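These features come from Swiss-Prot:
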type: BINDING; residues: Lys21, Ser22, Arg26, Ser167, Gln169, Asp315, Lys342; note: 3-phosphoshikimate binding site
type: BINDING; residues: Lys21, Gly94, Arg122, Gln169, Arg346, Arg388; note: phosphoenolpyruvate binding site
type: ACT_SITE; residues: Asp315; note: active site, proton acceptor
Amino acid sequence: MEFHVRPGGALRGRLRVPGDKSISHRAIMLGALAEGETRISGFLEGADALATLRTFRAMGVDIDGPHQGRVTVQGVGLHGLRAPDGPLDLGNSGTSMRLLCGLLAGQSFDTTLTGDASLSRRPMRRVIDPLTAMGAVIESGQGGTAPLTVRGGQPLHGIDYELPVASAQVKSALLLAGLYARGRTCVTEPAPTRDHTERMLAGFGYPVRQEGRRVCIEGGGRLRGGEIDVPADISSAAFFLVGASIAEGSDITLEHVGMNPTRTGVVDILRLMGADIQVQNEREVGGEPVADLRVRSAPLKGVAIPEALVPLAIDEFPVLFVAAACAEGETLLTGAEELRVKESDRIAVMAEGLTTLGVTAEPQPDGMRIVGQPDWGGGRVHSHGDHRIAMAFTMAATRAREPIEIEDCANVNTSFPGFVELAGDAGVALTRGDAEGRAQQRSDSP
């Protein structure tokens, strides 16, 4: 599938983007391991979160839904999962694979985890090694990639682990394994990362001890089911934050956005660049801060992005590169080598696409240097099957002089089902077409 985007167009209106992907994954996982019923609203019905849902159904968990974002999970307790009939296919979801490695390490049965071609290239050694230190046995493909087989029946013991690279997925995998481990499991981060696992464990009644950048749990506790309201995903909102910032005449409000302080780096970086973002109607829902974000177009300036903000915006850099491309002056990103091992090499792929559009974008080993300009041409860019790349270049068209065609966009549904329709409602002139360029569906501004 391809996206064809006509240039220009202000973004206007009130929008609610789909539910948070990170929270949706964890709601299913913890709800399945809890005792009693868990009722979820706002669940993200994207391919990644649905892969997690199917996985727990395959392990004997009764799950009703999703029905318009509502899911009911009948928990089986920490030791109630059953062996699946065959390998568990996680599609494109790295979150599912890494977190399940920790969770499945404490089960009594063997499980094989597989994924698509992109996921099968992503590094898993970073989670396999510390889990092995806890007593887990995990077999991988050459180079520590999927498919992975997690051997059951292994006695786990707690460890005190210092993450060499900030990673919420690795931290979460170790904490989930720690539920089954003898003694205490502690993880120390070099920099703050998203803390949904810690917050949600506590919300399910499991004691969690936080000491600065060190988080600890004791094995042998219990989880209690309850209610979870999943806020809108700030990573999905980011495309509209940037689109409205760079498209002249824009004024949009994004509703019920999750504002977890470990996720708001994109707002902080855009404000450093001069973006006009107002945080309104702040409140707390289910232990997570939530707000409405009003965004109006504003002239942006290039900045040196503080490395302390990198882990807090790691998924948003593709669209932040688009913001940098139309900012006055130079933007420099360093300390973001993690971008090279996402669904694609996001540094190389974004530099390639921006260069195609006529932007000066110089990839660095751990980041990028971008020289902004008032507008740019169009052209044909390749997303390499990366959902965030495809959506980032969609927003780039709001400042282009000519149409932009984006190849290989089917994976947008992994995180943002309904993106084409919502972007059209906001004012983006976006057409979805097949590989031969034939239009299939049009979502134009009025």
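Cβ coordinates come from backbone N, Cα and C, glycine included.
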Inset, instruction - Starting from the Cα of Arg388 (phosphoenolpyruvate binding site), work out which of the binding-site residues (Lys21, Arg26, Ser167, Gln169, Asp315) are within 10 Å. - result: Asp315
Legend entry - Listed binding-site residues among Ser22, Gln169, Asp315, Lys342 whose Cα sits within 10 Å of Arg122 (phosphoenolpyruvate binding site): Lys342
Legend entry - Maximum Cα-Cα separation (Å), residues Lys21, Gly94, Arg122, Gln169, Arg346, Arg388 listed as binding phosphoenolpyruvate: 19
Inset, instruction - Provide the number of Cβ atoms within 10 Å of the Cβ of Arg346 (phosphoenolpyruvate binding site), excluding the reference atom itself. - result: 25
Legend entry - Neighbour count (Cβ, 10 Å) for Asp315 (3-phosphoshikimate binding site): 23
